[in-house]
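Okay, structure first, notes after.
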Amino acid sequence: MKKNYSKRTFLLEIFAIMLGLIFLVPFYFVFINSVKGFSEILIDAAALPKEVLFSNYAKVWEVISFQDAFLNSLIITVLSIAGIVVISSMAAWKMVRTPGKLSKFLFIFFVSAMVIPFQTVMIPLMKLGGMLGIMNSIPGIVIMYFGFGVSLSLFLYHGFVKTIPQEIEESARVDGCSQFGVFWRIVFPLLKPITVTVIILNTLWIWNDYLLPLLVLQDAELRTIPLATSSFFAQYTKQWDMGLAALVLGIAPVIVFFLFLQKHIIKGIAAGSIK
Amino acid sequence: MEKQAKRKVKLNKILSYGAFVGPALLFFILVQIIPFFMGVYYSFTSWNGVSSAVEWVGLENYITVFTDDAKFFNSFLFTTKFMLAAVLISNVIGFGLALILNAALKTKNILRTVFFIPNVIGGLLLGFIWQFIFVKGFASIGNMTDIGFFKLPWLGDETTAFWGIVIVFAWQISGYMMVIYIAALQGVDTSLLEAAKMDGATNWDVLTKIMIPLILPAFTICFFLTISMAFKIFDLNLSLTGGGPFNSTESVAINIYQEAFMNNRYGLGTAKSILFFIVVALFTTFQVMFTKKREVEA
């Protein structure tokens, strides 16, 4: 059914490529200026560097203690997502498999919270966090991500579980498999496509989140990448030579993550948006 | 005997329901529901976040917000205007890109990746990146090409700063919308489009009378997502303009943050945050109902 590659398609292709290049211009600016000296940036930000300097990177790596920030971001993201996947897949499966008023109510309860803006709960949450003694700690912020991540993730799992036939689960039950056995050995592997989506959506959100870490993590050693970047810019305003190197370091991990998994990510985003 | 056995089965069912649903429910209630109701309570108090004495002041905070807080009113106005412009522009670009990439282009997979990339960068870093582009990058392009657009005082002037944030938001979000629109377009039965063309429909007719009505669910989702993202804008304009010039780009989210954590007026901050919740909830619910009504069964 493929149509011939007409002249019109060719022109459209040229147009699309040009648009794509325009989309990439910001990356060009950030990258080429991150290897220039300060005065060279001021003279002409669009020109290619006369000589490529990596000293900006070395300096800023120390100043923002990049490896610590990277590790903190990684630990928080991985732990939060592991928890979100476990609790929301289990809950969604049980709720679908136990139809009734309670499950229906709980589903609406979980999902309707999606319209609550974060700003509405953040102020009392800080008070509650203080009362529970979970402020300024990585486990504390991870718990909070569990609570915020569960609405959307449960919604996605809920929709997907409905499409899984029940027969296999029943026969496993008859063979004497426990509930947890049925879930982890049979159901959870079947949920893989939607688990990928849940992981991707939550990674992009948690890795890039700024406000919750800003409120919860006060110690400099606990800083995530966005926090380290913002405190760098607060301290060194307009130091663009180091600043741009900091930005390249900051965006590199998530861009690498994306480029490696782009097929899954784009598919996952589409799946996550259209039920 | 049988009764006891039945009771045991029932107890087991409750326990297993609790074991599976309980953890999700626990964290959800702890992190979202309890703070939400605490917020409702605190919005009627003079809480300053530090002292343990929390005094009930009735509607005072709400009255203050409505009668004596021009800054909050301005941030609401900015947020609403920004939301309208940002939603419109990012959906037009996103849908346009989807239409282009839905054609049989050889580079469509690479281009999809290219248009999507800005999405993976967080708002805070994005704001700093674009601060540099507007201040230094645009100036350089302006000197090179002599195009007036690049020589505008971006970020220095209220109007251009507003549009600057819209541009950055659209650059970030359009690719995301594009992905959703492409997924929807691929679900459209091409034989339907071919039949219409055979009957003499123009491309424009096919687009507006067949394609768009068929993929309205995608519009519902994209509008919902962009409206709520634009309403809650915080880190992007915080790092891009810092709310300036002259507070003209201070969003509601920034205003609430500052009221509570900078001015230490937690009671007033929570009152604003409750109002913010009501507006966001009403707006998104209304929009979903409005577009849902127009969806057709394919």
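Each residue, glycine too, has its Cβ placed from N, Cα and C.
Sequence annotations record features per position, and here TrEMBL assigns transmembrane segment to B:20-44 (among others).
The domain 'ABC transmembrane type-1' annotation in TrEMBL covers B:76-287.
Summarising the annotation, TrEMBL assigns transmembrane segment to B:82-104 (among others).
If you look up TrEMBL, you'll see B:116-141 (among others) marked as transmembrane segment. Sequence-remote contacts of a segment are chain residues at least 6 beyond its ends whose Cβ falls under 8 Å from one of its Cβ atoms, and for the transmembrane segment (B:116-141) they are 147, 150-152, 154-155, 164, 167-168, 171-173, 175-176, 178-179, 233-241.
The transmembrane segment annotation in TrEMBL covers B:161-185 (among others).
The feature transmembrane segment is assigned by TrEMBL to B:206-231 (among others). Note on the transmembrane segment (B:206-231): residues 79, 82-83, 86-87, 90-91, 94, 99, 169, 173, 176-177, 180-181, 183-185, 187-188, 192-193, 196-197, 252, 279-280, 283-284, 287-288, 291-292, 294-296, 298 of its chain, located 6 or more positions outside it, place their CB under 8 angstroms from a CB of the stretch.
Marked as transmembrane segment by TrEMBL: B:271-290 (among others).
Residues 111-112, 115, 162-163, 165-166, 169-170, 173-178, 180-182, 184-186, 207, 219, 222-223, 226-227, 230-231, 233, 249, 251 of the same chain lie 6+ residues outside the transmembrane segment (B:82-104) yet bring a C-beta within less than 8 angstroms of a C-beta in it.
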